[in-house]
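Noted in Swiss-Prot for the protein shown:
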- D13: active site, proton acceptor (ACT_SITE)
- H41: active site, proton donor (ACT_SITE)
- 12-18, 40-42, R305, 331-333, 412-414: GTP binding site (BINDING)
- D13, E14, G15, K16, N38, A39, G40, H41, T129, R143, Q224, T239, R303: IMP binding site (BINDING)
- D13, G40: Mg(2+) binding site (BINDING)
- S299, V300, T301, G302, R303, Q304, R305: substrate binding site (BINDING)
Amino acid sequence: MTVDLLLGLQWGDEGKGKIVDVLTSKYDIIARFQGGPNAGHTLEFDGIKHVLRTIPSGIFHKNNINIIGNGVVIDPVVFKTEVDGLAKFNLDLKSKLIISRKAHLILPTHRLLDAASEASKGKAKIGSTLKGIGPTYMDKTGRNGIRVGDIELVDFKEKYRALANKHEEMIKFYDVSIQYNLAELEKEFFEAIEDLKKLDFIDSEEYLHQAQKAGKSILCEGAQGSLLDVDFGTYPFVTSSNTTAAGACTGLGIAPNKIKEVYGIFKAYTTRVGSGPFPTEDFEDAGTTMAKVGNEFGSVTGRQRRCGWLDLVALKYAVQINGVTQLMMMKGDVLSGFETLKVCTSYKYKGQEIAHLPYNIEPENIEPVYTEFKGWKADLTGMSSYDELPKELKDYIDFIEKEVEVPIKIVSVGPDRKQTITK
C-alpha cells in the first residue's frame, strides 16, 4: 500500500498535470483533493494538448481509477463540457471516474455572486477567475452548501431553489450591475446535473480506506500552488481552499501518517497570474522572454502570467510547510539562451536581510537579494538523459538542492510527457 502526494510549490501553473500523467502508470488510483474549475492541468502527448479542470490527470491511462474528492468543488456545467471533450478518446468514464458525495456543487448563482463581489472591489480586486469558487467555499464553511450527494435526494431542487434565492438577495447588496438570465443558466445547470448522475457517487473516505487495506497505490493530486493556500499563501490574494499537503488529508479523508512521498513541483523560474505580491517579478526583457518562450498564458483564463526569477525564499517555505521529500523542476528548457540567470536567496526587509517569508511581502517592504549564475545556450528539448544536460544547468540544479535540502528527481525539458528526464 502506497499513498503519495503531488502538489505545486509556487503560485500554481507549475506543471503538475504533466507530472501526474508521467507518474500515473505507477498508481492504481489518482485522487484530486481540492480546488475547482478555476485551475487547469495541462497534459501534452502525441502532439495533442489536453486541459483538465476538474477531472484528475490520470484519466488518459487505462488501468487506474480517478476520484474527485470531497475537498473539490464541482461546476456541473463546466464538468459536462470537460466530459464531452473527452468523448473522442473513447474513455470508459463510467468505470474510470468516480465522485465523492461530499464534494460541493457550484451553482449558477455562485458565479454571479463571484462576479458581483469582484466588481464591487474596484481597484482592490484580488484577480478572481469568476468561476464561483470563493462563494461555493463560503457556503461550505457557512454550512449552507449543496453537495453531490444531495442530487440523490428527492428534495434536491427545493434545496437548490432555497440557496439560489438566498444568493439573489445577496447580489442586491452589492452596488454593481451585472447582466444575467438566470432561467437560461438554470436550464443549463439541471441538464448538466442529469449528465453528472450517469457517474458513480461514492463515500470516498471509505472507498480510499478499503483501497489502502487492499494494498492499492494512491496518488493524491493537488491543484493551484502552495503560495495560493488560503492559510499559508499571500493572503488575501489566494484561492479559497488548502492547497498544501494538509489539504489532501481533509480533502480525501486520508490520515497524515499514511502519506509516504510528497512530490513538490516547481518551475525553474517563477510565475503568477492575477493580482498579488511577487517579489522576483521581472518587468524587463527577462520576464518578457520567459512569458513568450514558456507560453505563459493561463490554461483556463487565458490571462498572461507575470514572470520572474526563481525565489528560493518562497520555495524553501513551501517545501517546509508541505514536508516535501522529492522535487521536480519544470520548464528548464525555457531558460536556455539567457547569458545570466538570477536566483533570489534572501530578502532585504525593514533594514535587515532575512531568509524566510515574512507576513507582508508587498513590494514596498521587500527587496530581493540575488545570486547570479552563468546561463546556457543549448536547446534542451531533445535531450533524454541527465548526462546530456549542460554543466551550467547542472550547477543551477545543484545549488537549488543544497539550498532547499531536498533532491530534484525530475527535470522537465518540454511539454510532452516524453520530454522528462529522471535524475
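Keep in mind that glycine also has a Cβ here, set from the backbone N, Cα and C atoms.
You'll find the Cα of Q304 (substrate binding site) roughly 13 Å from the Cα of T129 (IMP binding site). Taking N38, Q224, R305 as the binding-site residues under consideration, the smallest Cα distance to G12 (GTP binding site) is found for Q224. For the pair V413 (GTP binding site) and R305 (substrate binding site), the C-alpha distance works out to 20 angstrom. The separation of G332 (GTP binding site) from G302 (substrate binding site), Cα to Cα, is 22 Å. A strand conformation is recorded for Q304 (substrate binding site) in the three-state DSSP classification.
Remark: of the binding-site residues N38, T129, Q224, Q304, the most isolated position is Q304 (fewest other Cβ atoms within 10 Å of its Cβ). A straight line from the CA of Q224 (IMP binding site) to the CA of R305 (substrate binding site) spans 14 Å. A distance of 9 Å separates the Cα atom of the residue listed as 'active site, proton acceptor' from that of R305 (substrate binding site).
Look at the Cβ of each of the binding-site residues K18, R303, R305 and count the other Cβ atoms within 10 Å; the largest number goes with K18. G332 (GTP binding site) counts 25 other C-beta atoms within 10 Å of its own C-beta, drawing on all protein chains shown.
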